[in-house]
Amino acid sequence: MTSTPTALSIAQDLLRCPSVTPADAGALDVLETLLKGAGFTVHRVTFSEPGTADIDNLYARIGNTSPHLCFAGHTDVVPPGDASAWTHGAFAGDVADGLLYGRGAVDMKGGIACAVAATLDYLAANGGQPKGSISFLITGDEEDVAVNGTVKLLQWAAERGEQFDHCIVGEPSNVETIGDTIKIGRRGSQSGVLIVDGVQGHVAYPHRAANPVPDIAKLITALNDEPLDHGSAQFQPSNLEFTSVDVGNPATNVIPAQARAKFNIRFNDHHTQETLKALVEHRLVAACGNRIRAHIEWLPSNADVFVTKPGAFTDLVGAAIAEVTRRTPELNTGGGTSDARFIAKYCQVVEFGLVGQTMHQIDERTPVSDLDKLTAIYRGVLERYFK
């Protein structure tokens, strides 16, 4: 039997493509060649949006029946930063002391490589066809604005009649070691700007002005005084975090006319975006009373909260993890947003990949042994899923 490529070799080929978002730099070509060679039907789809870069995406499928398991991910990466600070080139794909270095080694070219390697090995051992369908849904638009990637690729697939039963996103879900965490959900994210209007004037004549600075400080305190909630069965409490306060005033002798404070809320499944906004605005009105003039400008958001309830699918993935690592993974909903939020509208989805400790850092790296373990876990998922 001809041997299939290893996760390490695939990961190195991907890392050597400098696909800093929104550039593809040949990364999807690497995947297309491998998947076509294994019998997948591969589609390359480019999406556009005014004011954003055109993005190349890939959808590949083998099989045409249920059950249908999808592997999803992104080949774009964040910039490497100071190239001279890297021990090994950010796009060299070097291995040293058992570690694979490169931008995207963890987030998330390494995870994609493991999924592809596991799938090719599984197909080679099972007559080249699954007892159902396997697909890969890969975008080059996750690390930036995320408008021409997964969300549109899912819509495109649905219009073609594609139906997914379950999905694994290969994001670096583990905290410290392979097998410690499966992400089964993510909090929603909503940003806004609190704006307080005053009356500009000379500091020597405060009675002729209305200073918005003390008022915005009062409102920030008021909005943070009471928790938004106390958490839920699967989520930690929602959190409102102010991130900047600005008055745009370079002078020391002028009372500003307006003060603005930016904030972000990470919210759990007690809220929708609409009910969350209503709650915050209700508290703002109460804090303003009859004197302070303030309002909130809400920024657009496509980051809704989602959760995949523990059940047969999470048990299946957990069993594959336990077989390789002898660990029982924690089912977790912490962290930031990911493209899984879009996929959750189409099927049950979990995130499981490499260890995320060095993602987005100088010298991003992963142990080669972790690539081997993750490949074995994905292989175990496939065996169980199509049993």
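Quick reminder: no glycine exception, Cβ is built from N, Cα and C everywhere.
The record from Swiss-Prot ties D107, E171 to Zn(2+) 1, and of the options H74, H202, H207 it ties H74 to that site too. When Swiss-Prot records D107, H360 as binding Zn(2+) 2, the matching candidate from E143, E323, E330, E383 it lists for that site is E143.
Taking D107, E143, E171, H360 as the binding-site residues under consideration, the smallest Cα distance to D76 (active site) is found for E143. Comparing local CB density within 10 A for the binding-site residues H74, H360, the maximum falls on H74. The closest partner of E142 (active site, proton acceptor) among the binding-site residues, by CA position, is H74; the full candidate set was H74, D107, E171.
Excluding H74, D107, E171, which define the Zn(2+) 1 site, the same chain contributes G73, M108, G111, E142, E143, V169, G170, P172, S338, G353, M359 within 8 Å (Cβ to the Cβ centroid), listed in sequence order. Checked against H360 (Zn(2+) 2 binding site) by C-alpha proximity, the binding-site residues H74, D107, E171 yield D107 as the nearest.
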